[in-house]
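Shown next, in structure tokens, is the structure this report addresses.
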Amino acid sequence: MDKESITNAEENSYDKPNNNIRPQGFDDFLGQNNIKSKLKVFINSAKKREVSLDHILFYGPPGLGKTTLAQIIANEMGSNIKATSAPIIERPGDLASILTTLGEKDILFIDEIHRLRTVVEEVLYSAMEDFFVDIKVGEGTSAKSFRVKLPHFTLIGATTRSGLLSTPLYDRFGIVERLEFYTNEDLANIVKRSSEFLNINITDEAAISIASRSRGTPRIVNRLLRRVFDFATVHDVLKIDEKFACDSLEKLGIDKNGFEALDKLYLNTIIKHYNGGPVGVDTLSVSLSEQIETIEDVIEPYLIQCGFIKRTPKGRVATNKAYGYLNLSSKYDDNYSNEERGLFDF
């Protein structure tokens, strides 16, 4: 999948940094109400006892607010935050140098934490549990190791693939929360909030239309809002209504479900090339010329959430909803025509 795809929930060049849009506190963070209510309790408890917050793991599809929540937690705790990404931390010494710069109750945020190398991850064990690191100096027989005490800090890890975390690392997180896709109502409220900061005049109906095509993801809803605003600016439209929003999104190649060409190709491949499934992700990766990680983390989560495909032990299976979306009769239906059956003859 093109990383610059407008409905790719991973961060890309469409996402212009805007500190005004990014929520700074829980009151500004719309959605994920269950998680927010629990985090408020944990934070208030830690502040009342004057201790650092337990280590936190956020997991779920990209673009749902894991990084933003980490920043909000730092703000609520009155703590400094150091943000990094697992692929950047190549050696144990890289991690040790980061840890030794932290202050008491500071927060270390590691994105894509499932991608930590094992030798780096092992440094975290003692750091998270006992707040020390052993630093090795020198090489060979002359090498020496000395122990450095660390302040009581909070590690916040974020991942789209919690299943890839090792058990020793996973078990050291005291708080583990899964972020879910957002409702259209929450996304429409995000559109209206962002519109105020960006000075965009938009109707409630247009906000709902943009929200419904945003794949349950705040990052995408803000991205689509900006692109619709681009069309409005070029065409001298002073107020974005529902029709203008829908027309603009259609021009961007995004249908009412929030699907792009690759989503349709994915469904067509399963149904027309593999008889609706089951088909393995390795095979799909070859057929689509996409990495397995992209299929599993970017394409499939929303299709599964919407009920278009199922993951089974034998592979991916298209549902009746997928057949209907492509205007095909399901192979399990009595109305399945001979012509359509021919699509699956090899």
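Using the three backbone atoms N, Cα and C, a Cβ is placed for every residue, glycine included.
Long-range Cβ proximity for Thr67 (ATP binding site), meaning a same-chain Cβ under 8 A and a gap of 6 or more residues, is found for Ala83, Phe109, Asp111, Ala158. Annotation comment: Swiss-Prot describes Ile21, Arg22, Gly63, Lys66, Thr67, Thr68, Glu129, Asp130, Phe131, Arg172, Tyr182, Arg219 as ATP binding site.
If you look up Swiss-Prot, you'll see Thr67 marked as Mg(2+) binding site.
The annotation DNA binding site is assigned in Swiss-Prot to Arg311, Arg316 on the grounds of sequence analysis. According to its DSSP assignment, Arg311 (DNA binding site) is in a strand. The Cβ of Arg311 (DNA binding site) has Glu300, Ile304 as same-chain neighbours under 8 Å, each 6 or more residues away in sequence.
Annotation source Swiss-Prot lists compositional bias 'Polar residues' at 1-22.
The region 'Large ATPase domain (RuvB-L)' annotation in Swiss-Prot covers 1-182.
Annotation comment: Swiss-Prot describes 1-23 as region 'Disordered'.
Here Swiss-Prot flags 183-253 as region 'Small ATPAse domain (RuvB-S)', drawing on sequence analysis.
The region 'Head domain (RuvB-H)' (256-346) scores a mean pLDDT of 83 in the predicted structure. The feature region 'Head domain (RuvB-H)' is assigned by Swiss-Prot to 256-346.
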List every residue in the same chain as Glu129 (ATP binding site), at least 6 positions away in sequence, whose Cβ is under 8 Å from its Cβ.
Arg172
Fewest neighbouring Cβ atoms within 10 Å among the binding-site residues Ile21, Gly63, Phe131, Tyr182, Arg316 goes to Phe131
Distance from Arg316 (DNA binding site) back to Gly63 (ATP binding site), taken between C-alpha atoms, in Å:
24
Work out how many Å separate Arg316 (DNA binding site) and Tyr182 (ATP binding site) at their Cα atoms, rounded off.
24
